[in-house]
């Protein structure tokens, strides 16, 4: 070696102790290695990391032998393992009486001596990355120019960056983002030296460096000075930031003494063998690197760097994605990104001595890089943060040959959610469109490699199967050389659908692609496979049947997963969720069928079950899950006078409705109980799955046999000894058994001393007071109304469910299941089927008893039928309404009058929450001559009778919630008590009636006109006259009523001028349908202005005396 080279070697190696071959006293820096597949000899320097094809001159070389073992390091288990190139064996324990070649250290050194792609990417004739393809010979001829030897012996320093410089930067451009770049230029403009400051994950004394795992570049491609090491270049100084240390990853590549530059990623091909000596260096290699802010992908013409070890010939599987070491801490504000560089489709990988290089990833593979069951720990897909103690040992080598068939897909970065614990998939500024594949940025497909079974340490894979591995997903950062022994210490997993017939089922490799669950946005990726495969067959010569089989198996796996998890992914794009899209609900196959077991209507929305069943395995970013979970509890919206036990379900249900509206095609109002879309229950999921995870294990009989889930979900005349749902609350455990007895009493299945209304009152009071009992109560009601062959008991069970829903909803966890159960009974056709079937069973039982000569029981007249559909429709409406309002507000517990009213409301609808036309129909018998709703006029008169126009803060100060509830109960019975004293009570109830109208007082189709003409009195009045007659009459009566309060004499006392009245009354007349807070905020001001204009300018004299 030259003196400069020798100085470079000795001043930049990582370890202070130079390596020695075990069993020898002579220091040997060069070793001979025979590549296992091509049987070609290679020579590596264990000190500098230099690799050459030809034997170096003037040095001793350790020849290869049968007893030569290569020492490698597995980062997953932090253990060394040993590979024999002669026998292709891999063992854990260090072999005895043999030569150990510490290639782990060599690999670490090579990782520290590589730099991003230099300006040679600008070579003429190079096809651009935006879709152009060339022949298989073109890249080889171009690379002949690229690998011309550099006789001047120029050295190259490593640039370690946090940003993927090759996948997003144009040729000759170093993307300056998230790191600092230091450059030295010579007088003629050539780049003499550049490097970056070390990046740290943690502050403090313990420095953790970033080893670039996913994108290694040939270090010799970076132009440097003329024959000098980086630190000793004349005319350029090695600049460093103050306080930074020369970290081990800033190493220098030294070419061979004869000037021949070895391409470590090159494999001999039919077109190119070795680089010939040349007296001149290619001008492409010395172009100065120009800073630029533009971002475009780098050239794909360089051959990629192959794995050191791959899977055994018997089988193979997609990689397992491993997380960084357990002791590495990450800062919360660090961006994590995935790169997607490319490589030449015309080059076969060199089979040996590579450092990891980011492989092309299609959109089908972007979301694959998440760690299973560790969403909080899947981080960088491009870098592996490791401490100094790992840098000197770890070997990061790619799992298998990267696919030259798939172009680089769009780049994405996984950014931590400020909420904590979740990660969001965000488009990178470097997003590009792959024109050749026609893949749009944002079209993703999710794939998952199967977990391997325990097996031996890794062994090489033949080239034929390496090509076939190109369809598999690529390995994450912390994966070692192929499949290291640590990656096999995973639990067993079901064999993949796409397992190739030639693979063995005894070892650790899985299918060709492994299990690849897909999201709903997968069609663009699937469509792009055909052209990709055709191109691959053209340039690589991969057998067509093998790729066709792989593609078919992959699509079969997609279809299998889609069918299996169809109900678990609430897709917004293709509508494959459970929205009915106008479909008529399917009738039940019969009442005997366990309806509750089939009623999974919205089971996939249960967040815990959904995450646990599918995407926990994938480690999906939580932000992706949040859109598909309809019931969440992260918002709370308690209201004044709210009972302490009601705040949680209020916010959760409000969030549920908000999420449900986001999925609907026509978003309903956020402050109204809209006409809810009926939904089909999912046939793929079953509540028994949920029950098996949440139910207690019940036993029966002397031998304590376990009760099946199906029997636990069917009607029972026996009592229960423990709650249906697993709970740790002692109060719930005690009350659950008592509630079940009370339910049996109310339904007539158990003798009761108290009146049924008082039994229902006790049940409703317990559920209203203790939120933990609500799910238990509803699951018991569902059980007792399933396979119940007594018509009276069945009717009472549904009646009790309606009573309970009038006071409190279930918790969000059980909301979807109850909704699905109710939905299944909303078809009126089933009422006749249930009644007929029950009568047939009764007749059959009576015949059996007559044959056995048993004394028949006294005949009890059964009702002709049960209107289950009527109960179900009412319960469905109350359930959706409770999702917005939550449980009954106030401090007073339910009373008998409220129970009676809730019982009668099933067949006698309330005036609150109904449409104007329905309210007029209700009062037609009592008040046939009235043109206005009785409730509106009666409450308005009551406000004035109590001197509301002389009461300060009228319509602004709320009335006592308990008194408002009591008055509402009376009004629903067409009564108004005479003992009222506070005008705020009827005023609050009047506002409640306006607010709870099924359709707003000013219909939605007129909303935009109102917002547009909020400043024009003429246009505003014209909008009022265009309303339907009943709406116009009610609105004009309201305006005339409010005009009383804006009189100057009244305003002086009430402190409620026209602006204040418009502010408090506008939300009761106009309802914004947008969910955008900015739109709501802006429209609120316009709504108030519109109502103020009406109060000031609308002529309501024609309403004099109208009732």
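Count begins at 1; order follows the chain as displayed.
A Cβ is built for glycine as well, from the same backbone N, Cα and C atoms used for every other residue.
When you go through 708, 910 in Swiss-Prot, the residue listed as phosphoserine is 708. Per Swiss-Prot, the range carrying the annotation region 'Disordered' out of 218-267, 618-667 is 218-267. Cross-referencing 540-562, 563-585, 586-608 with Swiss-Prot places the feature region 'Disordered' at 563-585. Residues 528, 719, 921 are shown; Swiss-Prot lists phosphoserine for one of them, 719. 380 is the residue among 380, 769, 816, 1074 that Swiss-Prot describes as phosphoserine.
Residue 708 (phosphoserine) sits 16 Å from residue 719 (phosphoserine), taking the CA atoms of both as reference points. Sequence-distant neighbours of residue 719 (phosphoserine) (same chain, 6+ apart, CB under 8 A from its CB) are 737, 740, 741, 744.
For the domain 'WW 2' (63-97), DSSP puts the residue distribution at 0 helix, 16 strand, 19 coil.
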